[in-house]
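K.L.:
According to TrEMBL:
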TRANSMEM  83-101  transmembrane segment
TRANSMEM  180-199  transmembrane segment
TRANSMEM  211-230  transmembrane segment
TRANSMEM  250-272  transmembrane segment
TRANSMEM  381-399  transmembrane segment
DOMAIN    484-558  domain 'Cyclic nucleotide-binding'
REGION    654-675  region 'Disordered'
COMPBIAS  657-666  compositional bias 'Acidic residues'
Amino acid sequence: MSRFNGDKFGSRRFNGEMSFTKQRTVRFYDERQRPTIPTTQVSRPGAPIGINPIIYKGQPDYLPLHKRIFDPTSDFILGWNRVFLFCCICALFIDPLYFYVPTISYNVNGGATSCVESDTQLSVALTCLRSLSDLLYVIHIIIKFRTAYIDPSSTLRVFGRGELVRDPKEISMRYLKSDFAIDVAAALPLPQIVIWLIIPAIKYSTSEHNNNIVALIVLLQYIPRLYLIFPLSYEIVKATGVVAKTAWMGAAYNLVLYLIASHVLGSLWYLLTVDRQTTCWKETCRGEQDQNCQIKYLDCSFSEQDKDYMDWANTTQVFTNCNVTNQNSNFSFGMFGPALTNESPAKGFIVKYFYSFWWGLQNLSCYGQTLTVSTYIGETVYAIFLAVVGLVLFAHLIGNVQTYLQSITVRVEEWRLKQRDTEEWMKHRQLPQELRDRVRRFIQYKWLATRGVDEESILQSLPADLRRDIKRHLCLDLVRRVPLFAQMDDQLLNAICERLVSSLSTKGTYVVREGDPVTEMLFIIRGELESSTTNGGRTGFFNSTILKPGDFCGEELLGWALVSKSTINLPSSTRTVKALVEVEAFALRAEDLKFVANQFRRLHSKKLQHTFRFYSHHWRTWATCFIQAAWRRYKRRKMAKDLSMRESLSFNSVRSEEEEEEEEENVGSSQGKQNFQNLGVKIMAAVRKGGELRKLQKPDEPDFSADGFE
């Protein structure tokens, strides 16, 4: 049972035009009368009401894979192109391994004869690997049938791009007319078909003919497989800018391509070596027609099946005349002689592969200069081809690897040039050695901190929201370590983080001097600063403190920024700030601090006022001096009180003396009392004169209650 609730929301009928139907609530009731989740349907031209198979980047997950249309710039297509590029390189490595299938068996039947056969185990292994690579080529064809493309003739242009065509029929027709034939030619399992279907069906076929057919098929199919790498690399470069993400990966990628070329040339050299050996046997066998020499005897499958073979093997001179070590042989093996001398065609697969690979790499790198060729035209053409390919590929490898490696050290070279220019400038201006050392230390420290990267230029080229998120990630935790900002909300901290810039100071650098205008507030991240003051140049007055990570300086700027009608002139610094070691900090410039103070009224709060007073070194210095002055006043008053008490006690004791004392004693006592009183007056005068403190001016405090906000 179903019910359509269309009265409340309204409905529209689909009339074949592009339109989006309003949300229609569809409720399906089961036995327990539980409604399901409302669904939304989107219509498109010429399609029934239902699910639209044209999918954008944010395509829903409920669509089956075969109905999805992929965006060529999506992460899925980019990832698949990288994976398939790796698979193509592996396929280029697998195919030449078919050239190692033919082998030569020397000293058959007690050392009298030799023959050619095929390595069955290697054929089975290569068939499995080749089938797996063919399957990946087929998957790539299917994906290209479901990948949208950009119409080059479209008039709609967005940043240089045309309109994206997502119609499956148009995608299929375009693909069938362009790269479909090449992709199919590369994906066909031709070697497997030839080895396991065609060759067994041919009667009276020999191993030599079979191997030549397989080699020809592999060479012909190797061309489209090699061609696919170039458009695939172009698509990756068009989407990301580079094939390899790092310079080392780019150098390794070009080196792998060069090694694959060496692998192909070495494998082909091995196949031609076997062919050259069998060619000598055939020519010599044709000259022994009187001894019933037949070409089929050169195949190992006839060694024990034909009775005439044993009679011919005991009298023939084919293998003696075609022995590469025979000095009397008239047949020239040319550049294939070293392989036949070592009997590499009779060795195991690993041995003959690495031997052939070494030969290809050596001659490709030296352009075939060490080769000694015969007059055989095929051998000469192959040597010419090897020299030309070696010259081109080696130059390509050296150029690309040099480019990638130079991109790694480009920052170092720029730093060296800048350092050299700085040295020449200092020498030209005849700067003293002390200033030169300070300049060198700053350049070295800036290189170690930034590695030559201009962070501000990179951030300014990014969008505002992305720049804000990056600044938040880099600065938020560090800003929260500053006590002045610890109690602020996230919105205000984000505004501050967005305007912070990095600041570096080397040892001995004066960040600001007393009396100079303050241009920025500095929040220390790493290192130590010395903040000192003489209270405007007072004689005998000096106060110093150490600023550590989490502290700040330049708080005079905060009071200037919080004034609603501040002057253009920046405030003067009341302290001298000097770097004791290398210091990393974030700086908030005057105009940025003014902007934050004007935009966010939450800066005007009593809580921030108390925090500012507690952590401000100006207020700490003033509080210390205030406490010292109060303590001295207290000591002065206490001393005056004690002296007054002593005077009163002394006066009372003199008056109570006995009247019977002699007049001389009375006179002496009065004189002593007068002297003691004079001494007390002198002490009080000295204390008052010495304890008189010059008043320390109270530091200026920002108007945290400006505009009546708290």
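Including glycine, each Cβ sits where the backbone N, Cα and C put it.
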K.L.:
Work out, from DSSP, the number of helix, strand and coil residues along the domain 'Cyclic nucleotide-binding' (484-558).
P.N.:
12 helix, 28 strand, 35 coil
K.L.:
Please indicate, using numbers and ranges, the residues of the same chain that are 6 or more beyond the transmembrane segment (250-272) and have a C-beta under 8 Å from a C-beta there.
P.N.:
89, 92-93, 96-97, 99-100, 102, 211, 215, 222, 242-244, 335-336, 339, 344-345, 352, 356-361, 363-364, 378-379, 382, 386, 389, 393-394, 396-397, 400-401, 404-405
K.L.:
Cβ under 8 Å to the transmembrane segment (211-230), counting only same-chain residues 6 or more beyond its ends: which ones?
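P.N.:
Apart from its flanks, the transmembrane segment (211-230) reaches 85, 88-89, 91-92, 95-96, 98-99, 101-102, 116, 118, 182-183, 185-186, 188, 190-191, 194-195, 198-199, 264, 271, 274-275.
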